[in-house]
Amino acid sequence: MATCSVSSNEPKSVFVLSEKELPVEIPHDITEIVVVRHGETTWNSAGRIQGQLESELNEIGQKQAVVIAERLAKELKPGAVYSSDLKRAKDTAEMIAKKCFCPEVIVVPELKERHVGSLQGLFWSNSLEKEPEAHNAFFSSQDDLEIPGGGESFNQLCERSVAALEEIASKHKGERVIVVTHGGVLRAIYMSKNREPSAGKILNASVNVLHLSGKEWVFKSWSDVTHLNEVGFLQRGFNGDSVQQ
């Protein structure tokens, strides 16, 4: 992994690429994937569970999208910009694509957030009271347990998320690409590929840099929000991380 640069104000598990570590070009057998969590939404700020339901970027989230786009436009030009098919991700991706002079955002439905069954639309604060079975399934250590109400298991989320990124990587060897997705997806790929029980805090509009070569994954930076210093962000991150800290 890259040398970490962590300040006391950053959540645990953060490691950030320094300017000296930013690549001038990508090795021919490597795909560099910059995985971005979408900007803050109205439901994020309210503590409401989104899952695969739609929620708009709020004012802060729109500013975050602008700032992250400006940052990425100053770095190595991406060969493509990909996004989940949920609007909060697509809106963030479209801003990035525009600033990076990419002609389109390629939508990949397999990058969407985890379906969390009957938890979708509830508030985290009362989800245990209203849907105890679904709540307990979400936070269960049993990774093959599907969430009641049509939800996915953690393993199902991991399988489709990993497969989607490996498929993207296979098309862009020797290139950098940008992928805009969700907190649950980021948490899943980190925990499954690193075989760790926690991914730390997954923050809105964070930059996470991966190098993929076949089935080999290297996490070069994680949950980097240094570009958001002037805009701000929700300190609690992805609510699904709350029991993992």
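Every residue gets a Cβ built from N, Cα and C, even glycine.
According to TrEMBL, the features are:
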ACT_SITE  H38  active site, tele-phosphohistidine intermediate
ACT_SITE  E113  active site, proton donor/acceptor
BINDING   R37, H38, G39, E40, T41, T42, W43, N44, R88  substrate binding site
Give the number of CB atoms, excluding that of H38 (active site, tele-phosphohistidine intermediate) itself, located within 10 Å of its CB.
30
Judged by the number of other CB atoms within 10 angstroms, which among R37, G39, T41 is the least packed of the binding-site residues?
T41
Might you list, by sequence position, any residue in that chain lying six or more from W43 (substrate binding site) with a Cβ less than 8 Å away from its Cβ?
I49, Q50, L53, S55
Would you mind reading off the Cα separation of G39 (substrate binding site) from the residue listed as 'active site, proton donor/acceptor', to the nearest angstrom?
14
Consider each pair of residues in R37, H38, G39, E40, T41, T42, W43, N44, R88, all listed by the record as binding substrate, and report the largest Cα separation in Å as a whole number.
15
When you measure from the Cβ of the residue listed as 'active site, proton donor/acceptor', which residues in the chain that are at least 6 apart have a Cβ under 8 Å away?
Q50, G51, Q52, S84, L86, T181, H182, G183, G184, V185
Cα-Cα distance linking R88 (substrate binding site) and H38 (active site, tele-phosphohistidine intermediate), given in Å to the nearest integer:
6
